[in-house]
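Lifted from Swiss-Prot, the feature list:
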type: DOMAIN; residues: 213-271; note: domain 'Chromo'
type: DOMAIN; residues: 407-472; note: domain 'Pre-SET'
type: BINDING; residues: C409, C411, C419, C425, C426; note: Zn(2+) 1 binding site
type: BINDING; residues: C409, C426, C454, C458; note: Zn(2+) 2 binding site
type: BINDING; residues: C419, C454, C460, C464; note: Zn(2+) 3 binding site
type: DOMAIN; residues: 475-601; note: domain 'SET'
type: BINDING; residues: S486, G487, W488, Y529, N558, H559; note: S-adenosyl-L-methionine binding site
type: BINDING; residues: C561, C621, C623, C628; note: Zn(2+) 4 binding site
type: DOMAIN; residues: 617-633; note: domain 'Post-SET'
Amino acid sequence: MATAEAQVNVNRNLQKQDLRNLEVSNLTPLSPEVISRQATINIGTIGHVAHGKSTVVKAISGVQTVRFKNELERNITIKLERLSEKKIKLLLKSKHQRHKYDIQQQKLLRILAERRKARAMTPLAPASVLAPSMETARPRLRSTSLNSLSPSNSSGYGSILGCDDSDQSSQLVLKPNVLKRRRSNCVQIPTPAAKRSRKNDGTTVKRRPKGEYIVEKIESVEVVQFQPVFFVKWLGYDVSANTWESYVNLSDCAEMEKFVERHLQLHQHYIAQITGELDTQLSDIPQTEDLKTISIAEIDAYDPLELQIDFILLAQYRAAASRSQREPERIGARALHRMQVRRSHFARRKQLIDLLLFEHRMNRVELPSPPIRVENNWDLDTIDSGFKYIQKNIIGEGVPKPQAGLVGCMCRHQSGEQCTASSMCCGRMAGEIFAYDRTTGRLRLRPGSAIYECNSRCSCDESCTNRVVQNGRKHPLVLFKTSNGSGWGVRTPQPLKKGVFVCEYIGEIITCEEANERGKAYDDNGRTYLFDLDYNTSRDSEYTVDAANFGNISHFINHSCDPNLAVFPCWIEHLNTALPHLVFFTIRPIKAGEELSFDYIRADNEEVPYENLSTAARVQCRCGAANCRKVLF
C-alpha cells in the first residue's frame, strides 16, 4: 500500500501545507490550497484524527483518498467525497452570514461600551429609584439579587439539575466578585425589549418600569441560607449576565411555574417518597392545633409553589446522595409547616365562600340599606348555619299582632310646615318631647327616654324629621370576628356622630314564659339573645325578643361596660306599650373602625335585674373597658 509520501513524490504539482498557519475563514474553492487537491492530516492518538482547520480543508478540497501511516506505522485510509456546486454555494452563504453576525456583535459591543462609559460619568441613583419598593407591591419581574449571593455546592446539584450552563455556574460561584459585577450590570443596563416603541397608529407604548427585566429561562435552583435561589437567564442578555435571584423576585413569573412543573416531573420518584413521609407526620398533628402556630395572614398568603420548591430541594439532596443533614432537616421542617398551612388554606377557602354567601343573603334582606361587609381575619369560624337573617320581627305564639295606627299628628295641616319640637307632634301627644333635632336629624333624647315617630295617620310625608327609625339604616357596617374571645362583633367603617340611628333589635317576639324556658338553655352556653320588652317598669314585662335563631345585624353587637350605643323604645304605628321597637342610637361620637357595643345589664337602671338569667353560672366580661364589671351576668 502506498503512503502519502510516495504520492507526493509521484505528483510534482502537490504542495506541502502547514495547516497550523492556515487561515480557514479565507479559503474559497479557488484557493491554491484547495486546487492542489492535497490534504495534510495531523495525527493524534491511535485511531483518532485531530479536528480543526485540517478538517475544513479536506471538506473544501476534492481529495478522494488520502493514505498515511499513524504513529504505530499502521496504514490509515480516509476517503472524501467531492463537494457539489450546491454545497459550495451554501458554504459561501454561511461564511457571509458569519461575517454579518460578527459585524452586528462588534456594533453591539461598541454600544455597550458607550453605555458603560456614560454610566461611569454619571453618579448612580439610589436603589429605591432603580427598582420599585418591595413594601408597596411585589413587582412581576425584578433583577434585584441577594447580596453576596453564592449558592451552596455541598449537595452536588450540578450533575443533576439539568442546567445548560453548569460550567458558567461553577465559575460564578468561584468568583463572587465577578458575579456581583454581573448582577450590577444587569440592573443598570436596560434590556433591549424595554425600549419605548410606537404602534402603527402613532401612539406610544408605555415603557416598562426601570429595574424590571424579562426572564427568558430559569436554569436551576440552589440553596443559600436554607432559602431557594434560582439561576436566571434574562431575555436580550448573554448567558454571562445570568444572575442568582430569590423567589420573591420571581414569584409572579410564568417561567417559574414551568420550571417547577419540569422539576416535579424530573424528581417525581423522590418527591413521592418525601410527601409520603411528611403526610405521615402531618396526620399526627390535629387540625385544631394549626391556628396555634399559623396566623390567618399566613394562610391567606399561602403559595403552593413555595411548598413544591421545598419538595424539589429535598429531592435534589436525595438524588445527589448528599451527606448534609442540617439543610434537609430545616427544609423538611419548613415543608411540613407549609403542608399545615395548605391544610388550613383549604378550610380557609371554604370559610370565605360561606361568609360571602351569608353576606350576599344578608344584604339582599337589608336592601335598600347600605351594605354590610363580613370578614374574619382571626380564625376559621363561619356564621352559624342555623341563624336566619330577617328584616322584621317574627310574632310568636301568644303574642298579639300590632295594629295599624289609629291616630296621627296634624302638624302639616295646622302650620303648613313639617313636624317640629314646637308643634303638637306625636311625641307631645304621647306625653314625651320631640325626639330629633330638626337641622341634623339626630336624636336629642337621653338614654331611657321613649321615641314616638310619625305614622301612616300623620299629615306629614316620608321626608318628615320625625321619621328616622322607619326609614331604615343609613350607614354601612362591618360584621367581624373579634380577637378577645367575644365571638362576632360589629364595627363602623366610618365615623359616627352622637345621636345617629344604627339599627333595630330584630328577632322573635315571644311570651315571657317561653323566654324563661329558652333562657335556661342559653345560660348553659354562656350566651343569651333574650331582650325583655319592659319599658313600662311599673309591671313585669309580658314579651321578650329572642334573636338567637332569627335576627339581623343587632344579633352580633357585643356587650361593653362602657358602651357607645344605647337602646331606646320606639313606637311608630301602634301605641301598645308592651310591644315597642328596640332601636340603637349612638350616645357619643364613634371613630371609624371602632366596635359598636351596648350594655346588656341596662346601665340606665341598675336596679332592674335581667329576669331571664339563671344564677347557676357567671359569664366573664371581656369588654376591656376601664370601668369593666368583670362579670357579665
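Using N, Cα and C of the backbone, Cβ positions are placed for all residues, glycine too.
All features noted in Swiss-Prot, drawn onto the structure.
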| residue | record | DSSP class |
| --- | --- | --- |
| C411 | Zn(2+) 1 binding site | helix |
| C454 | Zn(2+) 2 binding site | coil |
| C460 | Zn(2+) 3 binding site | coil |
| G487 | S-adenosyl-L-methionine binding site | coil |
| N558 | S-adenosyl-L-methionine binding site | strand |
| C621 | Zn(2+) 4 binding site | coil |
| C628 | Zn(2+) 4 binding site | coil |
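Residues C419, C454, C460, C464 make up the record's Zn(2+) 3 site, and a Cβ search at 8 Å around their centroid adds C409, C411, R412, Q418, C425, C426, C458, S459, D461, T465, N466, R467 from the same chain. Straight-line distance linking the Cα atoms of C628 (Zn(2+) 4 binding site) and S486 (S-adenosyl-L-methionine binding site), rounded to a whole number, equals 14 Å. Take the Cα of N558 (S-adenosyl-L-methionine binding site) and measure to each of the binding-site residues C425, C454, C458, C460, C621: the nearest one is C621. Those same-chain residues not listed among S486, G487, W488, Y529, N558, H559 yet with C-beta within 8 angstroms of the centroid of the S-adenosyl-L-methionine site C-beta atoms are T482, G489, R527, F556, I557. Shown are the binding-site residues C411, C464, C561, C623, C628; of these, the residue with the fewest other Cβ atoms within 10 Å is C628. Distance noted between the C-alpha atoms of C454 (Zn(2+) 2 binding site) and C621 (Zn(2+) 4 binding site) is 39 Å. Neighbouring residues of the recorded Zn(2+) 4 site, listed in sequence order and excluding C561, C621, C623, C628, comprise H559, S560, D562, R622, G624, A625, N627, R629, K630, L632 (Cβ within 8 Å of the Cβ centroid).
Using Cα positions, the member of the binding-site residues C419, C425, C623 nearest to G487 (S-adenosyl-L-methionine binding site) is identified as C623.
Shown in sequence order, I383, L479, F480, K481, T482, F556 are the residues of the chain, 6+ apart in sequence, with a C-beta less than 8 angstroms from the C-beta of W488 (S-adenosyl-L-methionine binding site). Candidate binding-site residues: C409, C419, C464, C561. Nearest to S486 (S-adenosyl-L-methionine binding site) by Cα distance: C561. Between the listed binding-site residues, namely C409, C425, C458, C460, C621, the fewest other CB atoms within 10 angstroms of a CB are found at C621. Shown in sequence order, G408, M410, S423, M424, G427, R428, M429, F434, C454, C458, C460, C464, N466 are the same-chain residues outside C409, C411, C419, C425, C426 whose Cβ sits within 8 Å of the Cβ centre of the Zn(2+) 1 site.
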